[in-house]
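Let me begin by presenting the structure, written as C-alpha cells, before commenting on it.
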C-alpha cells in the first residue's frame, strides 16, 4: 500500500506559522480516500475529501468533469493556483496507487476479477488549544473491513489479518511509519494551523443549539418524548435523558449527529414514557456554545403534541445533500496503497502551493 495519497494527505508547508492566539478546544484535520473498482467499466472511481474539524474544505471525484481538486469552503479559495495544481497531482497519483493496490489485494485474498472491491483510507492529525500536536492516525480498510492501522505510538502497525501482515512487513522494511510520523506531527500540524487561522471566522466559532421537545403518543398508555438540538456548531454535543434524576441511557434512542446542510448540525434523543408521567423526565443538553448545560422538561401547557414528519424529512434531505462527503468518510480506514517512490512527496518548505495532504507513493501493499 502506498503511504499517504498526495493532495488529500496534507502536503507541506515547512515554514512555521506563528500562533498568535489560543483556540478553544482541540482541532483536527482528516483526509478520506475511497477507491471502488468497476470491472468492465474502466478505471476505479476515486473520491478524496478533506475536513478541518467538521467542515469539508476540499473534494476530488475522478468521475467529475473538472478532474481537479475543488474547494468546498470559502476560506480555502484564497489559496493560489499552484496549491490547486499540486493538490490535483497528489490525488491523481493516489488514485493510481489505489488502482494497483486493488489488484494486489485481490490477489492476496484470492478473489476473481469479476467483483467490485473497495479501498478506504483515513489519516490526519489533532492539535490542542495551544496549536501543538496531540495525535496522528492512519487507518486503511479493504471491502469495508479493517486492514491495517498505524498505532498510537506512530512507530508501529497493527495488521487485521494474514494478508495485512504482508503489507505490514513491507512497510516495516521500508520504514514507512517514520516517514508518516514526520508528516503527521510536522507538515500536517502546520497546515492545520494555517487553515484554522485563515478560516477562523467559521472554524473557530461556536453556535449554541436551539432546543425544544416534542411529544408523540404511541398508545393510550405510552408516548415518546423527543429532545431536539438544532443549528449547533461544532458537531460535538451531549444529549441525555433522566427520570427523577436517574440516567436513562439504556432506554434512550439516540441518533447520530447529522449535518444540516448550512454548516451546522442536528441531533435528537428520545425515550418512551408512561402516559401521564412525562414531567418526571428531563433532557440535558451540553455543548461548547452554551454558557451552562440546558435542562428541558415537557410542559403540556407550553406546546401541543406535534408530528415531526416535516422535520424528519428535512433531516433525510440534509443527509442526502452530504452523501458525497459521507461516501468518502465511510472509508474510515483502509489504505492499501501501492506507490512508486520511497517517501512522502513534500514540496519546498514554506511553499503554500503545496497541499496540506501527503503523497502516499512509497510502498505497495
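The backbone N, Cα and C atoms fix where each Cβ goes, glycine too.
Residue annotated by Swiss-Prot as phosphoserine (from the set 35, 129, 301, 349): 349.
Swiss-Prot marks one residue of 26, 112, 275, 350 with the annotation phosphoserine, and that residue is 350.
Region 'Disordered' is the annotation Swiss-Prot gives to one range among 312-338, 339-365, and that range is 339-365.
In the predicted model, residues of the region 'VL9 epitope' (3-11) average a pLDDT of 34. Secondary structure at residue 140 (peptide antigen 2 binding site), taken from DSSP and collapsed to helix, strand or coil, is strand. Each residue contributes its Cα atom, and for residue 183 (peptide antigen 2 binding site) and residue 110 (N-linked glycosylation site) these two points are 34 Å apart. The two recorded residues residue 110 (N-linked glycosylation site) and residue 140 (peptide antigen 2 binding site) have their Cα atoms spaced 19 Å from each other.
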